[in-house]
Amino acid sequence: MALLSFERKYRVRGGTLIGGDLFDFWVGPFYVGFFGVTTLLFTVLGTALIVWGAALGPSWTFWQISINPPDVSYGLAMAPMAKGGLWQIITFSAIGAFVSWALREVEICRKLGIGYHIPFAFGFAILAYVSLVVIRPVMMGAWGYGFPYGFMTHLDWVSNTGYQYANFHYNPAHMLGITLFFTTCLALALHGSLILSAANPGKGEVVKGPEHENTYFQDTIGYSVGTLGIHRVGLILALSAVVWSIICMILSGPIYTGSWPDWWLWWQKLPFWNHG
């Protein structure tokens, strides 16, 4: 595959974390590196085990395939392969692949001499996954509290986990997480539409620049965060949504086991209006 005009000067030796020059090469447009190799190995292992688990199941129908965690009776012990052991090894493989990919991103950043914002942000996604399949189950004492790897069974797990606490929408951390996810979508939509509107003027008009973009929001809401600032805002909003989603799940089960609607009874007992 032909290189773009600017690519060759960035394909330089160095910046690797492990392996030195051994895996310091590209395959087509893709940088390999030591962690590219480990990503591939973990991915192949995990995928092969998923296929094995599907073969043990009742059907090859996509919607019915499910790799289930061990029964809670196994606690945190290693389960037999057909009774949850596959899920445990697949989970380990997934974490290995995700972390390897993040470290590969670090190596690419080092080669380009740029900041580590991308692997840092991706690390929050990894943490969200680990919180569901490792941290929360460990805090609750059994791998069986992790979610199954299957289309319908995963949806069932989400529904059942919510109903275990009466109504998950009353979880305050869930409220904040969902609000931040929607706010992130709004910020990205506003930013994207502004850039497209400035870059696609009417016929005969010149392409507009940051001055027009800033002025639009100053005229609309009285303030513009700026071209660099909107990306900081977007990153902060997105990572905050992930953080509160993690807190939401860690609270439910390991810390609080009651009904989330009942949790709000403290509000009714505040002395400002509680005269009973």
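The backbone N, Cα and C atoms fix where each Cβ goes, glycine too.
The transmembrane segment annotation in Swiss-Prot covers 33-56 (among others). With a threshold of 8 Å between CB atoms, the same-chain residues lying at least 6 positions outside the transmembrane segment (33-56) that come near it are 16-19, 22-24, 65, 67, 82, 86-87, 89-90, 93-94, 96-97, 100-101, 103-104, 107-108, 149.
Residues or ranges marked as transmembrane segment in Swiss-Prot: 85-113 (among others).
Beyond the transmembrane segment (116-141), the same-chain residues lying 6 or more positions past its ends with a Cβ under 8 Å from any Cβ of the stretch are 69, 75-76, 91, 94-95, 98-99, 101-103, 105-106, 109, 147, 235, 238-239, 242-243, 245-246, 249-250, 253-254. The feature transmembrane segment is assigned by Swiss-Prot to 116-141 (among others).
Within the same chain, residues at least six positions away from His154 ((7R,8Z)-bacteriochlorophyll b binding site) with a Cβ under 8 Å of its Cβ are Phe147, Pro148. The (7R,8Z)-bacteriochlorophyll b binding site annotation in Swiss-Prot covers His154, His174.
Outside the transmembrane segment (171-200), and at least 6 residues removed from its termini, the chain residues within Cβ reach (under 8 Å) are 165, 207-209, 212-213, 216-217, 230, 233-234, 237-238, 240-242, 244-245, 247-248, 251-252, 260, 263. Sequence annotations record features per position, and here Swiss-Prot assigns transmembrane segment to 171-200 (among others).
Cβ neighbours of His191 (Fe cation binding site) (same chain, under 8 Å, six or more residues apart in sequence): Ile230, Gly234. As annotated by Swiss-Prot, Fe cation binding site applies to His191, His231.
The ubiquinone binding site annotation in Swiss-Prot covers Phe217. In the three-state DSSP scheme, Phe217 (ubiquinone binding site) falls into the helix class.
Within its own chain, the transmembrane segment (226-252) is flanked in space by residues 117, 121, 124-125, 127-128, 131-132, 135-136, 139, 161, 164-165, 168, 171, 173-174, 176-177, 180-181, 183-184, 187-188, 191, 210, 213-214, 260, which lie at least six positions past its ends and keep a Cβ under 8 Å from the stretch. Residues annotated as transmembrane segment in Swiss-Prot: 226-252 (among others).
Taking the Cβ of His174 ((7R,8Z)-bacteriochlorophyll b binding site) as centre and 10 Å as the limit, one finds 22 other Cβ atoms among all the protein chains shown. If you measure from the Cα atom of His231 (Fe cation binding site) to that of Phe217 (ubiquinone binding site), you get 15 Å.
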